[in-house]
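As written in TrEMBL, here are the features:
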DOMAIN    38-185  domain 'Casparian strip membrane protein'
TRANSMEM  44-64  transmembrane segment
TRANSMEM  84-110  transmembrane segment
TRANSMEM  122-149  transmembrane segment
TRANSMEM  175-197  transmembrane segment
Amino acid sequence: MKSNDHATIDVPESSAVAKGKAPLIGSPMEQKRGLNKGLGIADFLLRLGAIAAALAAAATMGTSDQTLPFFTQFFQFEASYDDIPTFMFFVIAMALIAGYLVLSLPFSIVTIVRPYAVAPRLLLFILDTVALTLTTAAGGAAAAIVYLAHNGNPNTNWLAICQQFGDFCQNVSGAVVASFVTVVVLMVLILLSGFALKRH
C-alpha cells in the first residue's frame with residue numbers, strides 16, 4: 001500500500017546563512033585595523049626613546065664644562081659649551097626637539113585609539129620631517145666642532161684641545177652621539193607614518 005504523504009525534515013538555517021552572509025573570521029578589515037594599531041603603538045614607544053635621547057643630548061652638552069687645575073695670573077684655562085656658538089645652538093635645538101616630541105605624544109595616542117585616523121598621522125609625518133631636519137643640522141654642526149677639538153686643523157692653526165680637556169671632549173662627543181640616535185629614531189618614525197598613510 002502506497003502513501004502519498006511525504007515526510008519533511010526542517011533544518012534550521014544558521015544566522016549567517018539566513019542573512020545571506022558568510023561568517024567573518026580574521027577578515028582583511030580586522031587585520032588592517034590590528035596592523036595600524038600596532039604601528040601606532042610602535043610609534044608611541046619610539047617617541048619615548050627619542051625623547052630620552054634628545055634630553056640626554058641637550059643635558060650632556062649643557063653641562064659640559066671643565067677647568068684645568070692650573071692657571072696663571074692673567075688666564076684660567078676653561079672649556080665650556082657656551083664658549084662655542086655651535087654648541088649653544090645644539091643645546092637649544094635638542095631642547096626644542098625634546099619639547100616637540102613630548103607634545104606629539106597625544107597625537108600618537110590618537111593613532112592607537114583610532115587606527116584609521118589620517119589627520120594625526122599626516123600631521124606627525126610633516127612635523128617629524130621638520131624635526132629631523134633640525135636635529136640633523138644641530139648634530140652635524142656639533143660633530144664638525146668635536147672633530148676639530150679632537151684632531152685640530154694645522155692649515156688654519158686650530159689646535160686639538162682634547163688632550164688637555166679630556167672630560168669636556170668626552171661629554172660633547174656623547175651628546176653628539178645621542179643626537180644622531182635621535183636622528184635615526186626620527187627617520188624610523190617618518191617611515192612608519194609613511195607606511196601607515198599608504199595603507200589608508
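Cβ atoms are placed via backbone N, Cα and C, with glycine included.
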Requested in this report: Please indicate, using numbers and ranges, the residues of the same chain that are 6 or more beyond the transmembrane segment (122-149) and have a C-beta under 8 Å from a C-beta there.
Outcome: 43, 54, 57, 61, 84, 86-87, 89-90, 93-94, 96-97, 100-101, 104, 107-108, 111, 158, 160-162, 165, 169, 172-173, 175-176, 179-180, 182-183, 186-187, 189-190, 193-194, 197
**Report entry** DSSP helix/strand/coil residue counts for the domain 'Casparian strip membrane protein' (38-185)
**Finding:** 113 helix, 14 strand, 21 coil
